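S.K.: Pasting a structure below so you can have a look.
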């Protein structure tokens, strides 16, 4: 447990895991849409979404809080065991409350009886998500276990899908397999956690200490969920289903790119929480500089590539029917940069510094601005206006989160190392744009255009970084 784990290797593992979570639906969904009826697929999606709200409720803000506080005790098994037992007990209580509210809703809203079997199957996820205690493994930075487990259960689930879902009547099998792929390994998580700490059922809980920050983090999570879904809701109210359909493709592609580019940053949260919690601020700032530099190195060229190849990506993923989403995708592409920096400022600075209340205020303020901008822009610009509103909201959140933690990170963000790194990345990213533009002119084939753009831009980007003496790239080459 005391062995220091590589942030780079953990970032790679988490990137693989995130990619797998994105690829799994791409493999299964085309098969399911051909086997099951449209009505069954609709019932499946509604039920899964409905139960998702209760999973969110059961989780509260526990995982984020647990990682922040638990990281301090990572090298002390006794203290970590006591803390983990208290958090697990709180999570069990919130799970009970979630189940009670779910079953009450089934009794109150009679039309939900149509989806009863689906909802009951999906509700298993509530309990097993709690039992899974994944936050223990995040605290311990054990991403090799998390990734290996995820790969194994995803492969098993795909095999089960093709073996068991063969006709229109197998929709419940599909729901069960989805649950299995999501939380099937969580019993193993609970058993295996004994290698890290000793989790016991306890009634000796310091409610006063834990509940307030948990609820504030939960409120912030809710605010994020509301403002992320409000754009689609307002677009649907003010425009048509057609506009929502076009925008849904934009959001889907944006989420894929943002998730993949940002996944390597998630692994830094427990390390930075531990360093700040233990008062090792010199090491914290040094690690934070590396985090900012790596983030810029990935998301800026990634965003440039997304904006340059928006039309090709839409054609590849959604087909010519959705070409109108190209401009909206170019606009919302800018949000990839700011959403990832906002994530780092919030989770790696404000949360470890126990400033979650300021983070909540920032999120609510951005949500209000986002809603107002949507109301103003949608009538004239439709989904393009919605994309622009998202970009503004993400910029606003990034600036406010930075400002709330400026006393901690101002000297690192504006250090010569970070500024030089950012300069080299921006210059090198210009060559990414040029490379994509040339490939678009040369190649007629869609796949060749995308493939050549990715490969050539990757090469010229790397060469440019070497010539510009980017610190991260040069240090890796010297090793």
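The backbone N, Cα and C atoms fix where each Cβ goes, and this holds for glycine too.
The feature transmembrane segment is assigned by TrEMBL to 20-44, 50-67, 88-109, 115-139, 146-165, 171-193, 214-238, 244-267, 328-348, 360-382, 418-444, 450-468 (among others).
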S.K.: Taking 20-44, 214-238, 244-267, 328-348, 418-444 as candidates, which has the most Cβ pairs under 8 Å with the transmembrane segment (171-193)?
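M.R.: The listed stretch sharing the most Cβ pairs with the transmembrane segment (171-193) is 20-44.
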S.K.: Report, as numbers and ranges, which residues of the same chain sit near the transmembrane segment (146-165): CB under 8 Å and 6 or more residues beyond its ends.
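M.R.: Same-chain contacts beyond the flanks: 13-14, 16-17, 20-21, 24, 27-28, 31-32, 35-36, 134, 137-138, 171, 173-174, 177-178, 180-181, 184-185, 188-189.
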S.K.: So which residues does the transmembrane segment (418-444) touch in its own chain, when a touch means Cβ under 8 Å and the partner is 6 or more beyond its ends?
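M.R.: Residues packing against the transmembrane segment (418-444) from afar: 289, 292-293, 296-297, 300-301, 304-305, 308-309, 312, 412, 452-453, 456-457, 460-461, 464-465, 468-472.
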S.K.: Going through 20-44, 50-67, 115-139, 244-267, 360-382 one by one, which has the most CB pairs that fall under 8 Å from the transmembrane segment (214-238)?
M.R.: 360-382
S.K.: Quick test of the contact rule: Cβ under 8 Å, at least six residues beyond the ends. What residues does that give for the transmembrane segment (50-67)?
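M.R.: Sequence-distant neighbours of the transmembrane segment (50-67): 83-84, 87, 90-91, 94-95, 97-99, 101-102, 112, 115, 119, 122-123, 125-126, 129-130, 134-136, 138-139, 210, 213-222, 225, 269-270, 273, 347, 351, 356.
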S.K.: In the same chain, who gets a Cβ under 8 Å from the transmembrane segment (88-109) while lying at least 6 residues past its ends?
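M.R.: Distant Cβ neighbours of the transmembrane segment (88-109) are 51, 54-55, 57-60, 62, 116, 119, 123, 126-127, 130, 133, 199, 201-203, 205, 207, 210-211, 214.
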